[in-house]
């Protein structure tokens, strides 16, 4: 249960003179009901380790603490650290705040295993962080689930089904290594200040064992294919040696366009290409 003596979040923001910094991709989320809803997406967090990136003044952090989680939050905006320190003082056994850049932290070493990542990600680094987590060198990864706020367009790319307009490289990567679903949209009016675009919460859980294929191979093929997404595969992949043979062995018609190729089919193409290139 959240400490009833906590100062209201808006009052904390006003007292510390905080405002969202566009340079850091910040948009503060203050709606407590919405924050509680986000915290419920991963399931029961009681005594679970949760990693939060970019907590800002601590709105989502409060919801996670209320849910019983043990939270490690990393924040690069030093203006927010005093407000987070006050929150940590209320929850000394539940909240650890790290001042730093999430892209530079050795998360597995700091956090251990079986970590739930829950974050309203800064828009300017959200996709880079997702790719970092999806391409963990060891699998199973150190994280157990990802519950992340993105711009709605990015969320749709992550969860897009084959044959739909948003299906692309990010869809293939995310769905190769995880089960990804769009949990719910979030209206721009929920943020302070309101961003220009709508947002959405995405939930990802790692697959037990992604089908055997090197990350480099998948990235090479999908980059070439989707960089020319309106072209047939025989055009977009023609400069990769042995690729036409790999398509034939995988039973893929070279006149198809990349948005019609499923994740499983990209994996099959990659496997045959690796054998031919060995």
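Backbone N, Cα and C define each Cβ position, glycine as well.
The S-adenosyl-L-methionine site in Swiss-Prot is built from 27, 29, 75, 101, 120 plus one of 54, 163, 168, namely 54. The Cβ neighbour count for residue 29 (S-adenosyl-L-methionine binding site), using a 10 Å radius and every protein chain shown, is 22.
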